[in-house]
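Chemist: This structure is in structure tokens; I'll ask about it shortly.
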Amino acid sequence: MGSSADTETAMIIATPASNHNNPATNGGDANQNHTSGAILALTNSESDASKKRRMGVLPLEVGTRVMCQWRDGKYHPVKVIERRKNYNGGHNDYEYYVHYTEFNRRLDEWIKLEQLDLDSVECALDEKVEDKVTSLKMTRHQKRKIDETHVEGHEELDAASLREHEEFTKVKNIATIELGKYEIETWYFSPFPPEYNDCVKLFFCEFCLSFMKRKEQLQRHMRKCDLKHPPGDEIYRSSTLSMFEVDGKKNKVYAQNLCYLAKLFLDHKTLYYDVDLFLFYILCECDDRGCHMVGYFSKEKHSEEAYNLACILTLPPYQRKGYGKFLIAFSYELSKKEGKVGTPERPLSDLGLVSYRGYWTRILLDILKKHKGNISIKELSDMTAIKAEDILSTLQSLELIQYRKGQHVICADPKVLDRHLKAAGRGGLDVDVSKMIWTPYKEQS
């Protein structure tokens, strides 16, 4: 880095100066003075060469890899994704949009030149988009945090679509949003209408989800907005928690705005503009000011594959409170009331599978612990609304299934069940089914 090189030079320059003032060396060996002068000249030469080399790499090309100082004060490897000219600066004065290669893409950000260690620059690579966004070298705390805050969206993308998606969405267009009492840093690109291309921050009405460019616009809107909760029917109320069912066809603008908002925190997902086909279940914390959205899930009105959940999100300020687990559990309670088995939309990401595997493990093993006698996978499916294939894969992953005489047999030793239940973690908030007031969706003629 430039700063460390300057410090090192100052220290070396000071050395002959102190020798010159030392009576023991002042008039000593001429060779020693000559050597000191040579060190000084060499150091200055190296310093100039280093400075020229660092300046010679500017401006950095897209694809360049370099070390960058992050919020923790430490340097981490990054890849330059995009750059933009700082028109108030000099010829090589750019800001750079970087991806921290050790971390998830949601931490990508614009950084200034002084955050970069130019001595660590590696030549730009000729690559369009990485095949996968890496998430390497995570501590156990970071891994747990990502597991718990992971959000599952509409379709996962195949490899070709993934590359195209990453190229199109490589730079976050909105840096922050204001929603209710929170200012939230966004994670990913969201395809807002073109008139919002120049916005770094958006202001959302937390009740109708209309979004504006300026705070004053939001303040004027809030004086006129009559909503104090999401549109649609309140289908659940327990203490300060409420759930609202919103029909995408009846409340199209709200549903579309919800999708724009959600995409800021969802990666590698398809944003569905045809919201008519979906029902949205909005979870809220309620107080005397109204019902404040903390998260939601969506589901297709009619799914041939028996999907009971298409997209799920807990907003960042409300994560790690058990709301994600609550939303998953609620989707299965709806399936029970429909008299159907359900499963989340496929394919699941690795972390999405972790979330669901945890839910399935807790539900199934709790039943097996309490049940006396034999029980079949079909009976478990009927009791839980979990699809038989999900039950089988979960129990197989826990090594609780054996194949005997042409059929699968569940082997449930109590100590083994306790060990797996402990590993699955807490179940989060309970859904009090006695507080649900809901009837399955029927298309109106």
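A Cβ is built for glycine as well, from the same backbone N, Cα and C atoms used for every other residue.
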Chemist: Suppose you had to name the range Swiss-Prot annotates as zinc finger; which of 98-123, 202-227, 384-409 would you pick?
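Modeler: That would be 202-227, per the zinc finger entry in Swiss-Prot.
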Chemist: What residues elsewhere in the chain lie close to the zinc finger (202-227), defined as a C-beta under 8 angstroms and at least 6 residues from its ends?
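Modeler: Long-range Cβ neighbours of the zinc finger (202-227): 174, 177-180, 192, 196, 253-254, 257-258, 260-261, 290-293.
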Chemist: Given that the record lists I312, L313, T314, Q319, R320, K321, G322, Y323, G324, K325, S349 as binding acetyl-CoA, what is the largest C-alpha to C-alpha distance among them, in Å?
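Modeler: Largest pairwise Cα separation, rounded: 22 Å.
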Chemist: Give the residue from the binding-site residues G322, G324 that has the most other Cβ atoms within 10 Å of its Cβ, counting over every protein chain displayed.
Modeler: G324
Chemist: Tally every other Cβ atom lying within 10 Å of the Cβ atom of I312 (acetyl-CoA binding site).
Modeler: 26
Chemist: Can you tell which of T314, S349 has the least company, meaning the fewest other C-beta atoms within 10 angstroms of its C-beta, among these binding-site residues?
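Modeler: Lowest Cβ count within 10 Å among the binding-site residues (T314, S349) is S349.
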